[in-house]
Amino acid sequence: MSSVKPLVYAVIRFLREQSQMDAYTSDEQESLEVAIQCLETVFKISPEDTHLAVSQPLTEMFTNSVCKNDIRPLSNSVPEDVGKADQLKDEGNNHMKEENYAAAVDCYTQAIELDPNNAVYYCNRAAAQSKLSHYTDAIKDCEKAIAIDSKYSKAYGRMGLALTAMNKFEEAVTSYQKALDLDPENDSYKSNLKIAEQKLREVSSPTGTGLTFDMASLINNPAFITMAASLMQNPQVQQLMSGMMTNAIGGPAAGVGGLTDLSSLIQAGQQFAQQIQQQNPELIEQLRNHIRSRSFSSSTEEHS
């Protein structure tokens, strides 16, 4: 029984710390004290037995054990396995180029089974999982890669992509910032960080529209209303609209003149856009930013 006393002492220490927290009611604290007394009685341990104390608190030992649970010791990998694993990684990379993402996942998984301490394999599998929209699995693989190599910037970058796809923009920003800390000159991380930051601002805004371009502000803008009214009073626009209505109810077709009418509408629309640009340029800039943000890329980086 003496061999387990350090463990029991650590448990008692943990329970005593918990009993002193305000998070518990008086009855719950009393129950913790009873548990402590029972353990001390059964294992014949007292608070004075400080020689039984270990260097790490019980919670820290538990956390470290959980983090390392999925990673087998490096000694399990032999040179032959490492070489075969690298070949499987290359096969997986080829499948990625061919957009055969399921096959790529299979190759990377086999590589991990042979060499479970290679961060690159987890990170590459994360990229394939993201392509399959398996974002939760992609994040888990990135976390495993980071657990092996905490300075692996690509793992943080790919985690940011998966988090962004899941609309977890705040976490994505953190991942991209960490990636940039490790690789400050990476343009892909810079670009994706800006996109994630923009998305975060959108979902945090009072309107909650999720759009960079505020259509409500445009419609309610007095300058826009005035310009829209001016456009509708344009004789060319009125003539074209009249012709369209006539055709819609079965009137004579516009014939060759339809091209001229369409050209007139385009010209009137261009004039309208120029007026908005001159009188309210910030709305045009919002629209441009919205269009740019829609072109969010899932990264074009090469695989390791």
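Sequential numbering from 1, following the chain as shown.
The backbone N, Cα and C atoms fix where each Cβ goes, glycine too.
These features come from Swiss-Prot:
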| type | residues | note |
| --- | --- | --- |
| MOD_RES | Lys131 | N6-acetyllysine |
| MOD_RES | Ser293 | phosphoserine |
| MOD_RES | Ser295 | phosphoserine |
| MOD_RES | Ser297 | phosphoserine |
| REPEAT | 15-49 | repeat 'TPR 1' |
| REPEAT | 120-152 | repeat 'TPR 3' |
| REPEAT | 153-186 | repeat 'TPR 4' |
DSSP-derived helix, strand and coil totals, residue by residue, for the repeat 'TPR 1' (15-49): 23 helix, 0 strand, 12 coil
Long-range environment of the repeat 'TPR 1' (15-49) - Cβ separation under 8 angstroms, sequence gap at least 6: 1, 4-5, 8-9
The repeat 'TPR 3' (120-152) - residue tally per DSSP class, helix then strand then coil: 26 helix, 0 strand, 7 coil
Number of other Cβ atoms within 10 Å of the Cβ of Lys131 (N6-acetyllysine) across all protein chains: 17
Integer mean pLDDT for the repeat 'TPR 1' (15-49): 83
